[in-house]
Structure formats: structure tokens, C-alpha cells
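Student: Next up is a structure, given as C-alpha cells.
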């Protein structure tokens, strides 16, 4: 095992812009984030409900496991059922019967994931709708308007997104366009916006972007463009550089990050919020998250295993069902992926709570397995 630890550096409680820092341990921070629909404890993980639903789970179950914020996708919600309909029905909170906080992304990620359907210009991005093939122009202003109709607690600015593997002048073009679009988003009322991810080759460009965003004194910042295939060392270094440059009194959101290892490391580096489809997507493939890493329930070795997924887990699934039962389901029945989704999100919510309490208590220490398959942390 590798040990990443050092003597604790504690700081006094502070509050600003809806964020109250409750404790620190070196660069790690535990905070209270006050939003219109919920008071959240950070670090926190947000499950992704692309079209207003976490597949296989009810909103009551999400409350039960301690979910604080759900992420919705602006692009997909604008296509179906449309932001106008959601607005008419009282906003996404009412539409999906979710009383706690919501975050909507800007639609910018679809510039990468649906690049074959997108044309990016200074005006905005034109998508070919996957629903009916019609062109859809998403401008910075329109993205904000859509998100305001949806009614999320946190809305994101539209940025010019490029793949992590892109090099050359396209990166600088995207960075400067992002800054120009940020100003257009601010005019359209955008509470939270992105910082830009660049590798070591473009540190100067990245620093220009971070400085430009911080100068705009936004209520929060997101580190985007990561988790796209780059190596862990480069990923963590970028997060470390960005969090070091961001204001202490604003929330810091690392987008698209869902591996427990990354969440623990990024929290140690001073990040607060994360989202990813990973816990629920991997559940649909028959894989459970456990402290040692992952457990593949489709493997034949699970067929006669009467133990719970994780004997130390207190979730409803681990209390009531065996590995053998879930093995039978994941190969034949949708109930298997539902149970695994419940367990995996319970695991992520507990990870968030444990991170919060260990930072507040001043005993935060990470232990990363040599193969980087898992991570644990303990209180002194």
C-alpha cells in the first residue's frame, strides 16, 4: 500500500455565499452548502438522473439512502419532455417528485459525446436532434433559459468542451471562447460555472482561464473536462492546481468523477462535489462497489455464495439478499440491476458521509492500494 498522509493543518470555521466550512484537514475540507431546496454536507456525490430519473430507483429510495443532490441533463430534458412542459408542471422538482436539491449541466458535454451531431461556432452549438433529426441551436443564453425553466438549485454555464486528447490551437480557442460565453451566461443569470481542464503542456492557458473565471467572482466553480481517459497522475495534478487557485469560500465541483478512489483523492486536494453515471451504470452490468474494489456478481463463483455483497454494509440489499440471489437476477431480471444500483449509491452516499466526518474530526488519512484498485481512509 501507498500511504498519503501528513500532519494535520486545521482551520477555523468560516462562512460565505451559502458555504460554511465546518472543518479542514490539510487541503481537505468539509462544508455545509445551503441551496434553495436542501442544506447539503460536503464532500458529496451526486447521482446522474439524465432525464429526471435514476434508472431503477424511486425518489423515496434516493432520500432513504441519503442522496442530497441529483444531476439532470439540460440537453436531454430540453428534447424530451421539453423545458417548457417541465416549467408548466411546476419545475423538475415537482415533475419528478424530488424535494431535495437539483443540479443541471449546461449541455456542453454533448459537444464531445455527440460530436458527430454537433457544429460549434461562436454563436453556440447546433445539434442534430437524435429524436427527430431537426437542428437544435444551443447558445449560452438559451442554455441558461432552459435551466431556469427546469428550476434546478445549481445551473451550469455553457462552455466549449474538447476531448482530453485534443492538442494544439483548438484548446486555446476553446478556452477563450469559454470565457466569452461565460460573460454571456452571467448576463443570463448563471450561479455556477466551469474552470477549464488542460494538461501540463498548456498550463499557461489553463492559468489564464482560471484567473479569468475567478476575476468574475462567480458563486461556485467546476473543474470540467477530466475523467476522459487521462492517467491518474495527470488527472489529480490538474485538480490540485485548480483547487489551489480557486477561492476558499466557494464550492468546487469536479465534473464526471465517480470512482471512489478519485473522490477520496480529489477531496484530499480540496474539492467538494462530484457526479458520475459510474455507480449505476456498473450496477446494470452486474458489478457492486465494495471497500476492496468491485465485486462482479455475474461471475459463476457467485452462484452458490450465500454471503451478502458486503458484510459490513448496512443497506437494504446487503441486509436481505445474498450474492447467489443477485447473481441469478443480474443474468435474467432487471431487479438485479435495481438492487445493485441501490447498493452502489448507498455505498457512495456513505463514502461521502465518512469523508465529511473524518475531515471534521481531523483524522483524515488515505491508504491507496498499490494497484489503485481501491482506497480507504481512517480516523485517528
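Every residue, even glycine, has its Cβ placed from backbone N, Cα and C.
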Student: Between 280-284, 285-289, 290-294, I'd like to know which one TrEMBL lists as region 'RNA binding'.
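Tutor: That would be 280-284, per the region 'RNA binding' entry in TrEMBL.
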Student: Of 242-248, 249-255, 256-262, which span is tagged region 'RNA binding' by TrEMBL?
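Tutor: In TrEMBL, residues 256-262 carry the label region 'RNA binding'.
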Student: For Zn(2+), what surrounds 313, 315, 318, 343 with a Cβ no more than 8 Å from their Cβ centroid?
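Tutor: Near the Zn(2+) site, the remaining chain residues are 308, 309, 310, 314, 316, 317, 319, 342, 346, 347.
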Student: Please list, for the region 'RNA binding' (256-262), how many residues fall into helix, strand and coil according to DSSP.
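Tutor: Once the DSSP states are binned, the region 'RNA binding' (256-262) shows 3 helix, 0 strand, 4 coil.
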Student: Give the number of CB atoms, excluding that of residue 107 (substrate binding site) itself, located within 10 Å of its CB.
Tutor: 27
Student: Based on DSSP, tally up the residues of the region 'RNA binding' (280-284) by helix, strand and coil.
Tutor: 5 helix, 0 strand, 0 coil
